[in-house]
Every structure is written in C-alpha cells, then in structure tokens.
Amino acid sequence: MYVRFHYIQKGRGFPLSKPKLLELDIVRGIAILAVLLIHGTSTPRVELPLGTQSHTMYFAINNLSYFPVQAFVLLSGLVLFYSYYDKWSIRKIPGFYRKRLQYILIPYVLWSCFYYLYDQWLNPDVSVHFSLKEFADLLPWAEAGYHLYFMSLIMQFYALFPLLVTLAQWRPLGRYLWLFGILVQIGYFVYGQYADTPVPHSDRLFVSYFALFCIGGSIGMNYERIVEWLNRNIWWVTAATAAVGFTFLLLSLLAQFGMRFDSWQFELLFNGYPTLVSLSLIWIGRHWLTSAPRWAAALSSLGAVSFGVYFIHPAFLGFYSLHAAVPPGQAWYHLSVWGGIALILFVPWVLVSMLKRVKGSWLLFGK
C-alpha cells in the first residue's frame, strides 16, 4: 500500500490537505508499548542480582525498548513538516500556537497538577497539600511526574517549529535539514564535554534531541520518496536496526560489570538506534495495513490513544507497585511483574478509548 500525495484542489489548485499517514498510528502504538515495557521492567532491572538469567532478560527487554522518546520526537518532526511545509506562511503562526496551547499545554498542566497531588497521596510519609508556588516551580521542567519530561521537551520543539519551518523554505536548508540537525546536536554535545559547568536540565533541552526532530522533518518533507527508498532497502535497514540495538544492549550490559566506554559511543547509539527503529516501523506499519489488518487495527487503536495512555499509566503503575508488588525470589515475582505491565497496558487503553468519546476529553488527552 502506497500513500500518495493526493491534494484536494480548489480555486487555483493550491494544496489544502494531505492524506493521513495511517501507518504512523501503528508506529505510535508500538512506541507506547515500549514505554510501558521500560517502566514495567525498570524495577526488576535494578533489584535482581546482576548476572542472573532473570536480570539479563529484564535488562535486555528494558534496553531494547529504549527508543520511544526519540521516536516520538522524530514522529513529531515528521508530522509537523508533512502537514505544514508545503503550505506554510507567517499568517499560520497564531493558529499553530493556539492549537498547541489548547491540545498540549492545557492537558500537561492538568496532569502535572494531578501527579503533584497523587504522588503525595501515595507516599504515607507526606501529608497531601497544595502550594501554588511549589507547583509552579515544577512546571517549566516537567518535574511533577517522572514521565512528564517529554512534555517539556516537545513544547520546546513546538515553540521552535514556526521559525524552523520558515527557515526551511530556503531550499538549501530544507534539503539538508537532517544534516543541519545532526551538526547542531554534535556541536552541543562537544560543548557539553568541555564546558566547565554542566548545562542545567540538559536532558530536557530540545537541542539534545534536535537531530531526531530534523531527521523527522526531512522525512516529512520527502515522505513518498523516503517510503520508496525503504521499499528498496528495508532488509539492510532492519538488519542495521537489529545490529545497532544489540550493540547498544551489549555495551550497556558490559557497563554494568564495570567496563568504561566513551560517552560519544552511547550518544551515537542513543540516537542511531531509535532512528533506525522508526524507519523500520514506518515500513512495517505500511506493510501490516494490508498484510496483517488485525494487528494493524489493534496497534492503530493503541496508537490513537497513546497520548492518553502516556499520561495515565504511571498512576496505575505507582498504585500497583505500592500494593501488589512481590519481592524478588518469591514464586509469584515474575507473574507480578508481567501482571503490572498488563495492567498499565489494557486498563489505560480501554479507559482512554472510552473517555475520548466524552465531550471535552481534549482537556485531558489532547486531540
């Protein structure tokens, strides 16, 4: 199945819309599943004895799932440039920001408030209280919940996008946006290696993920050509994905045993692996739309509610870990771990799917 650039023509024939890329919901579904695997296996990764089969299994699952944040950044760049690049004008800036304020910032503030209070309620040593100053101090860097840092990151990209897409109208930059992003991120990485004082909140700054966003933007501006290229080269792309992923896993495991590696090696793998995963999943998603429609439908359903699942699943995981977790070494330990993963997958999936039918649900789950 090939997605063509069919435009709705009106008046002088200016492009008004492009077809929705249905495969991206499948990619989002797989990416949010990886998020749940990371969070669901984070405890056994650290509490099981190093070197045991169980620890190695959970460590491998956890590490090989380390691509969704980068993938979502790449997808954001892809969708934004795919949707706006061909018809961009300065006049669109107010409408662009209004939509992001309505569908991104408002849900972020509401969920930050929820986790600010909810985490206090879960902690028996803390009395539940609300301090406006304390809460406001948590918002800029998304510190009200451990998973919310992605929101701080993505809002920086939304703030930057109108400038970036305007500059990309200049043909040389538009053509080599991916290279521009890589060079900027390399420059920031080198600066961080030699700076006397570490940059505060460096892991939450857009520049730490800038290459991924620009690579996604380049894919979005040339989507049909990229897909045709993937059709010709998918075997080596998936082989490279597997090779880079297992290299990342091997280095991470060896680091657990005290071996030291240069930071640039992990930086390269941290960005290269998710990029290759994203390309592979785009091709797989397109292929499954026709060859595996049931899998495609299920993952598309999950992908369509992935934003809501992202927001809500830590609440269930936190409660479950506090009241139903089994200590290592006991017979039900593995069942407890996978039961928690099943809980944070299916309950939020069903709950968000139902709530999104309610008017005003965009306040919590965006659009």
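Cβ atoms are placed via backbone N, Cα and C, with glycine included.
Quick look at what TrEMBL annotates:
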type: TRANSMEM; residues: 21-39; note: transmembrane segment
type: DOMAIN; residues: 23-351; note: domain 'Acyltransferase 3'
type: TRANSMEM; residues: 59-81; note: transmembrane segment
type: TRANSMEM; residues: 101-118; note: transmembrane segment
type: TRANSMEM; residues: 146-164; note: transmembrane segment
type: TRANSMEM; residues: 176-194; note: transmembrane segment
type: TRANSMEM; residues: 206-223; note: transmembrane segment
type: TRANSMEM; residues: 235-258; note: transmembrane segment
type: TRANSMEM; residues: 264-284; note: transmembrane segment
type: TRANSMEM; residues: 296-320; note: transmembrane segment
type: TRANSMEM; residues: 332-352; note: transmembrane segment
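In this chain, the transmembrane segment (101-118) lies out of contact with the transmembrane segment (59-81); the count of Cβ pairs under 8 Å, excluding pairs fewer than 6 apart in sequence, is fewer than 3. Remote same-chain partners of the transmembrane segment (332-352), defined as residues 6 or more beyond its termini with a Cβ less than 8 Å from a stretch Cβ, comprise 33, 36-37, 39-41, 43-44, 54, 58, 301-302, 305, 308-309, 312-314, 316-317, 320-321, 324-326, 365. Contact between the transmembrane segment (21-39) and the transmembrane segment (296-320) is supported by 3 or more Cβ pairs under 8 Å, counting only residues 6 or more apart in sequence.
Within the chain, the transmembrane segment (296-320) has long-range Cβ neighbours (under 8 A, six or more residues past its boundaries) at 22, 24-33, 35-36, 39-40, 107, 111, 114-115, 118-119, 122, 145-147, 150, 285, 288-289, 339-340, 343-345, 347-349, 351-353, 355-356, 364-366. Only residues 6 or more beyond the boundaries of the transmembrane segment (146-164), in the same chain, are considered here, and those with a CB under 8 A from a CB of the stretch are 35, 39, 69, 72-73, 76-77, 80, 84, 92-93, 96-97, 100, 104-105, 108, 111-112, 115, 140, 203-206, 209, 213-214, 217, 310, 314. Here the transmembrane segment (206-223) lies next to the transmembrane segment (264-284) in space: the count of CB pairs under 8 Å, restricted to residues six or more apart, reaches at least 3. When Cβ-Cβ distances below 8 Å are used as the criterion, the transmembrane segment (176-194) is approached by residues 168, 202, 207-215, 217-218, 221, 263-264, 267, 271 of the same chain, each at least six residues removed from its ends. Here the domain 'Acyltransferase 3' (23-351) has a mean pLDDT of 95 out of 100.
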